[in-house]
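J.: Have a look at this one.
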Amino acid sequence: MINGKDVYKIVESIFPLYVALMLGYGSIKWWKIFTADQCAGVNRFVATFAVPTLTFIYIIPIDPYHMNWRIIIADTLQKIVTLLCLILWNIFTKRGSFDWTITVFSLINLPNTLVVGIPLLQAMYGDVSTPILIQIVFMQSVLWYTVLLIMYEYRAARIFISQQFVVRNEDGTESILSESEKVDIGSNVDVELGEFLHSLSVRSGSRKNSFDVNELFKKSKSSSSANVGVEWKSIKSRSARVSPHPILKSISGNKRNMSSNGRLTHEIEPSEVDKFELLGIKVSAEKEHESKEAQIEEIKEEISEEQMPPSQSMVLKLIVIRVYKKLIKNPNLWASVLGIIWALIAARYKIKLPTIIYDSITIMSKTGLGMSMFSLGIFMALQPKIIACGKTAAAMSMILKFLIGPALFGATSAAVGDRGVVFKIGIVQAALPQGIVPFVFAKEYNLHAQIFNTAVIFGLALVFPIGMLYYVLLGFSSF
């Protein structure tokens, strides 16, 4: 039974977190202590040093050989069931979309377990909660954030490609996305995707000997372009030389010749080819004796190949490389991996980390909780609105976060046989506020960032009352 002493103990443990939160909020909103650059520096310190060292210090004491596999399986099942439900939602309903799949998955499954969860649940259930939560944090950092990053990168690549290439319809017609249909995937992501796709195209774009990589013709009549997927334009060329620029619109008379060195050798009547536009093209000398019609058809085929969007293997390579580059730069991932490696070694050979190393890491990790909450306060103060996404979206995000997530985790925990304190710890941690990493991803990839903004702010404001409510209700549970 819950008594006043238990409630005070929880308040006593969680109140310092709110003090740090309010100091961060007030330093921006009321006292104007920090500039925007200084706020960015605080956030960078937290992400690079404070949280990774805190993660490492929490992970190294656990015994990986005696982990609570039921809670890990329950946590994994929660994510898998969520993904399956969202896939079915996409298949059988018109409202389903990949964008909302990413957002809903993050809201339900990725709480702020490390910074907020460990202090709160330690106060509620004692030290037994810490190893359980650390196991969840490890899986979250190493596996589920990686899965989330892959989904974001796949979405970004798909949108980028759809906006850069002509869409061919089943009836043979072609359409291009209008400005209103285009999606902003973030300026940095857009530039990086463009550069990478261009480099892949150049490396994989070797052509037959009869044409250079830059060989392109454009034809004027749209009726004749329906079969090759390229818009042809007519011009009158006056120059026989080939421009070094990618696109050359030279003006000439009706007849020109062209050879492999860039000079025209064949006479082409405008009436025969509907007046071609030369775009930096070179035709080899081997084609001098072929018919003009055959050359034109090969040119059309070449253009069709050049205009093809990247293959699935190229897109997959793009996603894998970009995810890899982001992961190797993630200090929290390195802290999790190194922490579990040392935990395996320490548990196997019964050794401890040398004091000089342990204390060097600990002195930084002690800033973790306070600076993390301070940084969250700064984040809250910098937002223009508390409810930036609208009341309906805010209400739905709270339902997903505080009702659907815990209910789903409770179902998967019961299915694998979790009972007692472990069952209660799992449900309360599922009701923790939204994690910061999903918000960072949402902002970087420009996907429902306002919803995550509201979820983080409301979650931090409601973490204590919601946590206490679940604590009291689960106190009457027979599980």
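Cβ coordinates come from backbone N, Cα and C, glycine included.
Reproduced below are the annotations present in TrEMBL:
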- 13-30: transmembrane segment (TRANSMEM)
- 42-60: transmembrane segment (TRANSMEM)
- 72-92: transmembrane segment (TRANSMEM)
- 104-126: transmembrane segment (TRANSMEM)
- 132-152: transmembrane segment (TRANSMEM)
- 332-351: transmembrane segment (TRANSMEM)
- 363-382: transmembrane segment (TRANSMEM)
- 394-415: transmembrane segment (TRANSMEM)
- 421-442: transmembrane segment (TRANSMEM)
- 454-473: transmembrane segment (TRANSMEM)
J.: Can you tell me which of 72-92, 132-152, 332-351, 363-382, 394-415 gets the most C-beta pairs within less than 8 Å of the transmembrane segment (104-126)?
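T.: Out of the listed stretches, 132-152 contacts the transmembrane segment (104-126) most.
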J.: Considering only Cβ pairs within less than 8 angstroms, which of the stretches 42-60, 72-92, 132-152, 363-382 has the most against the transmembrane segment (13-30)?
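T.: Between the stretches 42-60, 72-92, 132-152, 363-382, 363-382 has the largest tally.
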J.: Looking at 42-60, 72-92, 363-382, 421-442, 454-473, which one has the highest count of Cβ pairs under 8 angstroms to the transmembrane segment (132-152)?
T.: 421-442
J.: In terms of Cβ proximity under 8 Å, which residues at least six beyond the ends of the transmembrane segment (454-473) contact it?
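T.: Sequence-remote neighbours of the transmembrane segment (454-473) are 2, 7, 10-11, 14, 18, 21, 107, 112, 116, 120, 124, 376, 379-380, 383, 386-389, 393-394, 397-398, 401-402, 406, 424, 427-428, 431-434, 436, 439.
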J.: Excluding the flanking five residues on each side, which residues at least 6 beyond the ends of the transmembrane segment (363-382) place their CB within less than 8 Å of a CB in that stretch?
T.: 16-18, 20-29, 34, 39, 42-43, 45-46, 49-51, 53-54, 56-57, 115, 119, 436, 456-457, 460
